[in-house]
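Below is a structure I'd like to ask you about.
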(Lines of atoms letter the chains of each structure in order from A and count residues from 1; the text may use other names and numbers.)
(Lines give C-alpha, C1' and ligand atoms only; values in the text may rest on other atoms or scores of the structure.)
Protein backbone atom coordinates (compact mmCIF):
# COMPACT_ATOMS: atom_id res chain seq x y z
CA UNK A 1 0.00 0.00 0.00
CA UNK A 2 1.45 3.33 -0.98
CA UNK A 3 1.87 5.81 1.84
CA UNK A 4 0.64 9.12 0.40
CA UNK A 5 -1.23 10.28 3.47
CA UNK A 6 0.15 12.76 5.98
CA UNK A 7 -3.01 14.22 7.47
CA UNK A 8 -6.37 15.76 6.64
CA UNK A 9 -6.57 19.52 6.22
CA UNK A 10 -3.38 21.34 7.10
CA UNK A 11 -0.39 19.50 5.72
CA UNK A 12 1.60 20.36 8.89
CA UNK A 13 -1.06 19.17 11.32
CA UNK A 14 0.84 15.91 11.77
CA UNK A 15 4.49 16.52 10.86
CA UNK A 16 5.41 12.96 11.84
CA UNK A 17 3.46 10.95 9.28
CA UNK A 18 4.73 7.62 10.63
CA UNK A 19 3.12 8.28 14.04
CA UNK A 20 -0.10 9.26 12.33
CA UNK A 21 -0.10 6.06 10.29
CA UNK A 22 0.60 3.93 13.35
CA UNK A 23 -2.36 5.57 15.10
CA UNK A 24 -4.64 4.74 12.19
CA UNK A 25 -3.38 1.16 11.94
CA UNK A 26 -3.91 0.64 15.67
CA UNK A 27 -7.49 1.83 15.30
CA UNK A 28 -8.12 -0.54 12.41
CA UNK A 29 -7.00 -3.48 14.55
CA UNK A 30 -9.96 -2.96 16.87
CA UNK A 31 -13.10 -4.88 16.03
CA UNK A 32 -15.67 -2.74 14.23
CA UNK A 33 -13.57 0.44 14.13
CA UNK A 34 -12.13 2.73 11.49
CA UNK A 35 -9.95 5.81 11.66
CA UNK A 36 -11.47 9.09 10.48
CA UNK A 37 -8.58 11.10 9.13
CA UNK A 38 -10.66 14.29 9.05
CA UNK A 39 -11.80 14.31 12.66
CA UNK A 40 -8.65 12.40 13.70
CA UNK A 41 -10.54 10.00 15.93
CA UNK A 42 -11.13 6.26 16.02
CA UNK A 43 -14.80 5.54 15.27
CA UNK A 44 -16.61 2.31 16.06
CA UNK A 45 -18.94 1.03 13.37
CA UNK A 46 -19.78 -2.65 13.68
CA UNK A 47 -21.49 -2.70 10.29
CA UNK A 48 -18.67 -1.17 8.27
CA UNK A 49 -15.65 -3.29 9.14
CA UNK A 50 -16.97 -6.74 8.12
CA UNK A 51 -17.50 -5.57 4.56
CA UNK A 52 -14.18 -3.69 4.55
CA UNK A 53 -12.50 -7.03 5.12
CA UNK A 54 -14.08 -8.38 1.93
CA UNK A 55 -12.58 -6.07 -0.67
CA UNK A 56 -13.70 -8.22 -3.59
CA UNK A 57 -17.37 -7.96 -2.57
CA UNK A 58 -17.07 -4.25 -1.88
CA UNK A 59 -15.36 -3.61 -5.21
CA UNK A 60 -17.97 -5.66 -7.08
CA UNK A 61 -21.00 -3.94 -5.51
CA UNK A 62 -19.82 -0.34 -5.41
CA UNK A 63 -17.36 -0.40 -8.27
CA UNK A 64 -19.31 -2.29 -10.94
CA UNK A 65 -22.96 -2.96 -10.07
CA UNK A 66 -23.81 0.38 -8.47
CA UNK A 67 -22.60 2.64 -11.35
CA UNK A 68 -24.51 0.59 -13.94
CA UNK A 69 -27.73 0.69 -11.91
CA UNK A 70 -27.36 4.41 -11.29
CA UNK A 71 -26.85 5.17 -14.99
CA UNK A 72 -30.01 3.24 -15.91
CA UNK A 73 -31.93 4.99 -13.12
CA UNK A 74 -30.67 8.43 -14.14
CA UNK A 75 -31.59 8.05 -17.81
CA UNK A 76 -34.97 6.48 -17.08
CA UNK A 77 -36.03 9.00 -14.44
CA UNK A 78 -34.67 11.95 -16.42
CA UNK A 79 -36.86 10.83 -19.34
CA UNK A 80 -39.85 10.50 -17.00
CA UNK A 81 -39.32 13.98 -15.58
CA UNK A 82 -38.93 15.49 -19.05
CA UNK A 83 -42.06 13.82 -20.44
CA UNK A 84 -44.19 14.71 -17.42
CA UNK A 85 -43.01 18.33 -17.65
CA UNK A 86 -44.86 18.84 -20.93
CA UNK A 87 -47.86 21.11 -20.70
CA UNK A 88 -50.45 18.58 -21.86
CA UNK A 89 -49.13 16.05 -19.30
CA UNK A 90 -49.53 18.37 -16.32
CA UNK A 91 -51.94 16.86 -13.79
CA UNK A 92 -51.80 16.68 -9.97
CA UNK A 93 -50.70 13.05 -10.16
CA UNK A 94 -48.08 13.66 -12.84
CA UNK A 95 -46.59 16.56 -10.88
CA UNK A 96 -46.00 14.24 -7.93
CA UNK A 97 -44.54 11.58 -10.23
CA UNK A 98 -42.22 14.14 -11.82
CA UNK A 99 -40.71 15.30 -8.54
CA UNK A 100 -40.53 11.72 -7.36
CA UNK A 101 -38.43 10.90 -10.44
CA UNK A 102 -36.14 13.89 -9.77
CA UNK A 103 -35.61 12.78 -6.17
CA UNK A 104 -34.77 9.25 -7.33
CA UNK A 105 -32.23 10.63 -9.80
CA UNK A 106 -30.44 12.50 -7.02
CA UNK A 107 -30.37 9.44 -4.74
CA UNK A 108 -27.96 7.68 -7.08
CA UNK A 109 -26.35 10.57 -8.94
CA UNK A 110 -24.92 12.45 -5.94
CA UNK A 111 -22.78 9.59 -4.53
CA UNK A 112 -21.82 8.27 -7.98
CA UNK A 113 -18.59 10.33 -8.41
CA UNK A 114 -17.28 9.07 -5.07
CA UNK A 115 -18.03 5.41 -5.73
CA UNK A 116 -16.42 5.67 -9.16
CA UNK A 117 -13.30 7.35 -7.75
CA UNK A 118 -12.82 5.03 -4.79
CA UNK A 119 -14.15 1.66 -5.97
CA UNK A 120 -14.38 1.61 -9.77
CA UNK A 121 -10.93 3.18 -10.11
CA UNK A 122 -9.58 1.21 -7.13
CA UNK A 123 -8.40 4.22 -5.13
CA UNK A 124 -9.83 2.83 -1.88
CA UNK A 125 -6.71 0.63 -1.68
CA UNK A 126 -4.45 3.66 -1.33
CA UNK A 127 -4.11 6.37 1.28
CA UNK A 128 -4.06 10.01 0.23
CA UNK A 129 -3.62 13.30 1.94
CA UNK A 130 -7.10 14.84 1.92
CA UNK A 131 -8.20 18.42 2.39
CA UNK A 132 -10.89 19.25 4.93
CA UNK A 133 -13.40 20.32 2.29
CA UNK A 134 -12.98 16.95 0.58
CA UNK A 135 -13.74 15.13 3.82
CA UNK A 136 -16.92 17.08 4.47
CA UNK A 137 -18.10 16.91 0.86
CA UNK A 138 -17.56 13.16 0.78
CA UNK A 139 -19.38 12.68 4.08
CA UNK A 140 -22.45 14.70 3.10
CA UNK A 141 -22.58 13.31 -0.44
CA UNK A 142 -22.47 9.70 0.73
CA UNK A 143 -24.29 9.72 4.07
CA UNK A 144 -26.55 12.78 4.26
CA UNK A 145 -27.90 13.91 0.90
CA UNK A 146 -28.97 10.51 -0.57
CA UNK A 147 -31.11 9.56 2.48
CA UNK A 148 -32.80 12.96 2.35
CA UNK A 149 -33.72 12.51 -1.31
CA UNK A 150 -34.87 8.95 -0.65
CA UNK A 151 -37.14 10.16 2.15
CA UNK A 152 -38.56 12.81 -0.19
CA UNK A 153 -39.37 10.09 -2.73
CA UNK A 154 -40.89 7.99 0.04
CA UNK A 155 -43.25 10.73 1.23
CA UNK A 156 -44.20 11.53 -2.35
CA UNK A 157 -45.16 7.88 -2.67
CA UNK A 158 -47.40 8.29 0.36
CA UNK A 159 -49.00 11.25 -1.39
CA UNK A 160 -49.53 9.08 -4.47
CA UNK A 161 -51.29 6.51 -2.33
CA UNK A 162 -53.61 9.22 -1.01
CA UNK A 163 -54.33 10.40 -4.54
CA UNK A 164 -55.03 6.83 -5.58
CA UNK A 165 -57.61 6.53 -2.80
CA UNK A 166 -59.30 9.68 -4.05
CA UNK A 167 -59.26 8.46 -7.64
CA UNK A 168 -60.75 5.10 -6.69
CA UNK A 169 -63.97 6.90 -5.81
CA UNK A 170 -64.23 8.19 -9.39
CA UNK A 171 -62.81 5.16 -11.18
CA UNK A 172 -66.23 3.68 -11.92
CA UNK A 173 -67.18 6.72 -13.99
CA UNK A 174 -64.07 7.18 -16.13
CA UNK A 175 -61.84 4.67 -17.90
CA UNK A 176 -58.80 6.98 -17.70
CA UNK A 177 -59.17 7.12 -13.91
CA UNK A 178 -59.17 3.32 -13.78
CA UNK A 179 -55.93 3.16 -15.76
CA UNK A 180 -54.27 5.84 -13.64
CA UNK A 181 -55.41 4.17 -10.45
CA UNK A 182 -53.90 0.84 -11.52
CA UNK A 183 -50.65 2.59 -12.42
CA UNK A 184 -50.46 4.19 -8.98
CA UNK A 185 -51.17 0.85 -7.31
CA UNK A 186 -48.27 -0.72 -9.24
CA UNK A 187 -45.83 2.07 -8.33
CA UNK A 188 -46.77 2.13 -4.64
CA UNK A 189 -46.70 -1.68 -4.41
CA UNK A 190 -43.20 -1.93 -5.87
CA UNK A 191 -41.99 0.80 -3.54
CA UNK A 192 -43.37 -1.00 -0.48
CA UNK A 193 -42.00 -4.40 -1.53
CA UNK A 194 -38.41 -3.14 -1.83
CA UNK A 195 -38.44 -0.74 1.13
CA UNK A 196 -40.41 -2.56 3.83
CA UNK A 197 -37.72 -5.21 4.55
CA UNK A 198 -35.12 -2.50 5.09
CA UNK A 199 -37.51 -0.48 7.25
CA UNK A 200 -38.27 -3.52 9.42
CA UNK A 201 -34.56 -4.31 9.73
CA UNK A 202 -33.69 -0.75 10.76
CA UNK A 203 -36.54 -0.69 13.29
CA UNK A 204 -35.30 -3.96 14.78
CA UNK A 205 -31.78 -2.56 14.91
CA UNK A 206 -32.91 0.59 16.72
CA UNK A 207 -34.86 -1.42 19.29
CA UNK A 208 -31.91 -3.73 19.96
CA UNK A 209 -29.49 -0.82 20.28
CA UNK A 210 -31.81 1.13 22.58
CA UNK A 211 -32.57 -1.73 24.98
CA UNK A 212 -29.20 -3.50 24.66
CA UNK A 213 -30.74 -6.61 23.13
CA UNK A 214 -28.30 -8.97 21.46
CA UNK A 215 -29.40 -10.89 18.37
CA UNK A 216 -27.14 -13.15 16.37
CA UNK A 217 -28.76 -11.98 13.14
CA UNK A 218 -27.42 -8.48 13.77
CA UNK A 219 -23.83 -9.66 14.11
CA UNK A 220 -21.23 -10.65 11.56
CA UNK A 221 -21.49 -9.81 7.88
CA UNK A 222 -25.25 -10.34 7.49
CA UNK A 223 -26.34 -6.77 8.41
CA UNK A 224 -23.88 -5.23 5.99
CA UNK A 225 -24.65 -7.61 3.14
CA UNK A 226 -28.39 -7.21 3.72
CA UNK A 227 -28.26 -3.41 3.67
CA UNK A 228 -26.03 -3.28 0.60
CA UNK A 229 -28.24 -5.76 -1.26
CA UNK A 230 -31.37 -3.88 -0.22
CA UNK A 231 -29.92 -0.58 -1.41
CA UNK A 232 -28.99 -2.08 -4.77
CA UNK A 233 -32.52 -3.48 -5.17
CA UNK A 234 -34.00 -0.06 -4.40
CA UNK A 235 -31.81 1.56 -7.06
CA UNK A 236 -32.69 -1.22 -9.52
CA UNK A 237 -36.42 -0.54 -9.15
CA UNK A 238 -36.13 3.10 -10.18
CA UNK A 239 -36.05 2.32 -13.94
CA UNK A 240 -39.02 -0.04 -13.48
CA UNK A 241 -41.29 2.95 -12.93
CA UNK A 242 -40.41 4.10 -16.45
CA UNK A 243 -41.61 0.76 -17.81
CA UNK A 244 -44.85 1.07 -15.85
CA UNK A 245 -45.53 4.50 -17.34
CA UNK A 246 -44.87 3.24 -20.87
CA UNK A 247 -46.98 0.12 -20.42
CA UNK A 248 -50.00 1.72 -18.76
CA UNK A 249 -50.14 5.24 -20.22
CA UNK A 250 -50.66 5.78 -23.94
CA UNK A 251 -50.21 9.55 -23.53
CA UNK A 252 -46.80 8.96 -21.92
CA UNK A 253 -45.74 6.67 -24.78
CA UNK A 254 -46.75 9.11 -27.49
CA UNK A 255 -45.16 12.09 -25.73
CA UNK A 256 -41.96 10.09 -25.25
CA UNK A 257 -41.90 9.34 -28.99
CA UNK A 258 -42.38 13.00 -29.85
CA UNK A 259 -39.43 14.00 -27.65
CA UNK A 260 -36.90 11.23 -28.25
CA UNK A 261 -37.84 9.90 -31.70
CA UNK A 262 -37.35 12.69 -34.27
CA UNK A 263 -38.46 10.44 -37.13
CA UNK A 264 -41.87 9.86 -35.60
CA UNK A 265 -44.84 11.37 -37.41
CA UNK A 266 -45.57 14.29 -35.11
CA UNK A 267 -49.08 14.91 -36.40
CA UNK A 268 -50.01 11.26 -36.00
CA UNK A 269 -48.69 11.18 -32.44
CA UNK A 270 -50.54 14.36 -31.53
CA UNK A 271 -53.75 12.84 -32.86
CA UNK A 272 -53.16 9.72 -30.76
CA UNK A 273 -52.57 11.82 -27.66
CA UNK A 274 -55.88 13.55 -28.24
CA UNK A 275 -57.65 10.32 -29.18
CA UNK A 276 -59.57 9.89 -25.90
CA UNK A 277 -61.20 13.30 -26.33
CA UNK A 278 -62.15 12.54 -29.94
CA UNK A 279 -63.68 9.20 -28.99
CA UNK A 280 -65.52 10.81 -26.12
CA UNK A 281 -66.94 13.50 -28.41
CA UNK A 282 -68.04 10.98 -31.03
CA UNK A 283 -69.81 8.88 -28.41
CA UNK A 284 -71.61 11.95 -27.15
CA UNK A 285 -72.65 12.82 -30.73
CA UNK A 286 -74.04 9.31 -31.22
CA UNK A 287 -76.16 9.61 -28.09
CA UNK A 288 -77.37 13.05 -29.13
CA UNK A 289 -78.33 11.84 -32.59
CA UNK A 290 -80.49 9.09 -31.09
CA UNK A 291 -82.19 11.61 -28.83
CA UNK A 292 -82.89 13.86 -31.80
CA UNK A 293 -84.54 11.03 -33.69
CA UNK A 294 -86.75 10.14 -30.76
CA UNK A 295 -87.48 13.53 -29.20
CA UNK A 296 -87.86 16.07 -31.99
CA UNK A 297 -91.46 15.37 -32.85
CA UNK A 298 -92.75 15.22 -29.27
CA UNK A 299 -90.76 17.56 -27.01
CA UNK A 300 -89.15 20.08 -29.34
CA UNK A 301 -85.65 21.43 -29.88
CA UNK A 302 -85.02 22.89 -26.42
CA UNK A 303 -85.40 19.59 -24.63
CA UNK A 304 -83.22 17.83 -27.19
CA UNK A 305 -80.51 20.42 -26.60
CA UNK A 306 -80.74 19.80 -22.86
CA UNK A 307 -80.29 16.06 -23.29
CA UNK A 308 -77.34 16.51 -25.63
CA UNK A 309 -75.44 18.69 -23.20
CA UNK A 310 -75.76 16.08 -20.48
CA UNK A 311 -75.64 12.93 -22.56
CA UNK A 312 -72.12 11.98 -21.44
CA UNK A 313 -73.27 11.82 -17.82
CA UNK A 314 -76.39 9.71 -18.48
CA UNK A 315 -76.08 5.99 -17.76
CA UNK A 316 -77.59 3.30 -19.92
CA UNK A 317 -80.41 2.63 -17.45
CA UNK A 318 -81.34 6.30 -17.34
CA UNK A 319 -81.29 6.56 -21.12
CA UNK A 320 -83.76 3.68 -21.43
CA UNK A 321 -85.98 5.40 -18.88
CA UNK A 322 -85.90 8.59 -20.93
CA UNK A 323 -86.91 6.71 -24.05
CA UNK A 324 -89.69 4.85 -22.24
CA UNK A 325 -91.13 8.05 -20.83
CA UNK A 326 -91.03 9.71 -24.21
CA UNK A 327 -92.74 6.78 -25.87
CA UNK A 328 -95.43 6.83 -23.20
CA UNK A 329 -96.03 10.52 -23.75
CA UNK A 330 -96.33 9.96 -27.46
CA UNK A 331 -98.88 7.17 -26.98
CA UNK A 332 -100.99 9.45 -24.89
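Here, residue 1 is simply the first one shown, and the rest follow in order.
Positions of Cβ are set from backbone N, Cα and C atoms, glycine also.
Curation plays no part in TrEMBL annotations; they are all automatic predictions.
Remember, predicted model here, so these are calculated numbers, not experimental data.
So TrEMBL has the following annotated:
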TRANSMEM  61-84  transmembrane segment
TRANSMEM  96-119  transmembrane segment
TRANSMEM  144-162  transmembrane segment
TRANSMEM  182-204  transmembrane segment
TRANSMEM  224-248  transmembrane segment
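Each of these features: where is it, how hidden is it, and who are its neighbours?
Here the transmembrane segment (182-204) has long-range neighbours at 93, 97, 154, 157, 160-161, 163-164, 167, 215, 218, 223, 226-227, 230-231, 233-234, 237, 240-241, 244-245, 248-249, meaning same-chain residues at least 6 beyond its ends whose C-beta is under 8 angstroms from one of its own.
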What stretch in 61-84, 96-119, 144-162 has the biggest tally of Cβ pairs under 8 Å against the transmembrane segment (224-248)?
61-84
Near the transmembrane segment (61-84), which residues from the same chain, at least 6 beyond its ends, have a CB less than 8 A from one of its CBs?
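Cβ under 8 Å, 6 or more out: 90, 94-95, 97-98, 101-102, 104-105, 107-109, 112, 115-116, 118-120, 122, 228, 232, 235-236, 238-239, 241-242, 245, 252, 255-256, 259-260.
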